[in-house]
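Working notes for the structure below.
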Amino acid sequence: MKKIAVLTSGGDAPGLNACIRAVVRAGHYYNCEVIGVRRGFKGLIEKQFISLTPRDVGGIIDKGGTFLLSAREDRFLEYKYRKIAANNIREEKIDGLFVIGGNGSFQGAYLLSKEFGIPIIGIPKTIDNDTYGTEYTIGFDTAVNNAVDAIDKIRDTSESHERVFVIEVMGRKSGFLALAAGISTGADVTLIPEYPFPMHVIVKSIVDALNRGKKFAIVVVAEGVASAKEIADILNEKLKPFDFGGVRYSVLGYIQRGGSPTSYDRIMASRFGVFAVEEFMRGNRDFMVALENGKILSKPLEVSFGRIKKPDLKDFELNNILTI
C-alpha cells in the first residue's frame with residue numbers, strides 16, 4: 001500500500017476543498033493511505049499531519065477556502081527548514097506529496113524533490129490563472145463570477161447616478177481575471193498589465209463615450225496596472241468639463257477569493273485531483289497537472305518556473321471591439 005499526502009499552499013481559491021476531496025477519494029480507490037497536511041509548508045515543518053478517509057472529506061465539495069488551512073511560510077526559504085520537512089515526510093513514510101498551489105508553491109515543493117528526493121505532484125490553483133504551462137487553474141472561474149456579480153451591482157449605481165466607476169480586481173501582475181470580468185460585464189475600458197494603454201488613450205475612451213451621450217461608464221483595472229484610486233483621481237481631473245456625476249472607485253478585494261465554487265471549478269478540481277492520483281499510480285513523479293487544448297495531461301513541474309503566461313491577444317482585441 002502506498003502512502004500519499006496532500007496540502008494546500010499560498011492564497012486560497014474556490015475549489016480547493018473539491019480538489020482535496022478528489023485526491024483523498026481517488027487515493028483510497030487505488031488502495032492508498034492518505035495524509036492531510038494542515039497549514040501547507042508550515043505543517044510539513046511542524047508535522048501537522050492528519051489521516052484522511054473518504055468520509056472525512058464528505059460534504060466539502062461546495063465549500064470555499066480550504067479545510068486543511070493554508071499559510072505562507074517564509075521559513076521554507078531556508079535549507080534547514082526544508083530538511084526538517086523532508087525528514088518529517090520520510091519518517092511518516094510518505095511516497096508522494098500532492099501540492100495544490102501556484103507558482104511559488106510549486107517552486108518550493110520542487111526543492112524538496114531536488115534536494116531530498118521527495119516525489120512531488122503539483123495541482124495548479126490560483127484565481128489569477130497565471131500558472132505557466134496550463135490553460136486553467138482551480139478557482140479562476142469562481143473568481144471571475146464573483147467579480148462579475150459585484151461589477152453588475154456597481155453598474156446599477158453607476159447608471160443611476162451617471163458616474164464613471166473605476167473597479168479594481170485582483171490578479172497580481174496578471175490580467176486574466178480583469179480581462180474576463182471586463183468582457184463579461186461590457187466594461188467601457190479594461191486595463192491589464194500585459195497590454196498597457198497610455199493614460200491619454202484611457203481618457204479619450206471615456207471622453208468619446210461621454211460625447212456620444214453616455215452619462216456613465218465602467219473601467220475595470222487589474223491591480224498590477226495601478227490602483228483604482230490613482231486612475232479615478234486622474235479621470236476626475238481630466239473629465240471636469242463634462243456634465244456627469246463624477247468618478248468613483250471601488251476595490252473588490254478578497255471577496256473574489258471566497259464563496260462556494262462554481263460547477264466548473266468543482267468539476268475541474270475533481271478531474272485534476274483524480275488525474276494526479278492516477279498519474280502517480282502509473283509511476284509518474286515530479287509533475288504538474290495541466291489543461292491544454294481541452295485535455296488534462298502532466299508536464300514536468302519546472303515548466304511553470306520563471307515564465308510569464310499572457311492572456312490571449314484575441315480576447316484583448318475582442319474586448320476592444322466590443323467597447324465602441
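Glycine too: its Cβ is placed from the backbone N, Cα and C atoms.
Noted in Swiss-Prot for the protein shown:
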- Asp128: active site, proton acceptor (ACT_SITE)
- Gly11, Arg72, Glu73, Gly102, Asn103, Gly104, Ser105: ATP binding site (BINDING)
- Arg21, Ala22, Val23, Val24, Arg25, Arg155, Gly186, Ala187, Asp188, Arg212, Lys214, Lys215, Phe216: ADP binding site (BINDING)
- Asn103: Mg(2+) binding site (BINDING)
- Thr126, Ile127, Asp128, Arg163, Met170, Gly171, Arg172, Glu223, Arg248, Tyr254, Ile255, Gln256, Arg257: substrate binding site (BINDING)
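Where Swiss-Prot records a feature, it is marked here on the structure.
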{"residue": "Arg21", "record": "ADP binding site", "Cβ neighbours (10 Å)": "24"}
{"residue": "Val23", "record": "ADP binding site", "Cβ neighbours (10 Å)": "29"}
{"residue": "Arg25", "record": "ADP binding site", "Cβ neighbours (10 Å)": "21"}
{"residue": "Glu73", "record": "ATP binding site", "Cβ neighbours (10 Å)": "20"}
{"residue": "Gly104", "record": "ATP binding site", "Cβ neighbours (10 Å)": "14"}
{"residue": "Ser105", "record": "ATP binding site", "Cβ neighbours (10 Å)": "27"}
{"residue": "Thr126", "record": "substrate binding site", "Cβ neighbours (10 Å)": "28"}
{"residue": "Met170", "record": "substrate binding site", "Cβ neighbours (10 Å)": "25"}
{"residue": "Arg248", "record": "substrate binding site", "Cβ neighbours (10 Å)": "18"}
{"residue": "Ile255", "record": "substrate binding site", "Cβ neighbours (10 Å)": "14"}
Helix, strand or coil at Glu73 (ATP binding site) [DSSP, three-state]: coil
Whole-number Å value for how far Asp188 (ADP binding site) lies from Gly11 (ATP binding site) (Cα to Cα): 30
Site extent for ADP, whole Å (max Cα pair distance, Arg21, Ala22, Val23, Val24, Arg25, Arg155, Gly186, Ala187, Asp188, Arg212, Lys214, Lys215, Phe216): 57
Pairwise CA distance, Arg25 (ADP binding site) versus Thr126 (substrate binding site), rounded so that it is a whole Å: 22
Number of Cβ atoms other than its own within 10 Å, given for Gly186 (ADP binding site): 13
Residues that sit under 8 angstroms from Phe216 (ADP binding site) by C-beta distance, when 6+ apart in the chain: Arg155, Ser158, Glu159, His161, Glu162, Arg163, Val164, Phe165, Phe244, Gly245
Densest Cβ neighbourhood among Asp128, Asp188 (recorded positions), 10 Å radius: Asp128
Arg248 (substrate binding site) in three-state DSSP notation: strand
Local backbone state of Gly186 (ADP binding site), from DSSP in three classes: coil
Span of Thr126, Ile127, Asp128, Arg163, Met170, Gly171, Arg172, Glu223, Arg248, Tyr254, Ile255, Gln256, Arg257 around substrate - largest C-alpha separation, Å: 32
Candidate with the highest Cβ count within 10 Å, taken from the binding-site residues Lys214, Arg257: Arg257
Greatest C-beta neighbour count within 10 angstroms, which of the binding-site residues Arg72, Arg172: Arg172
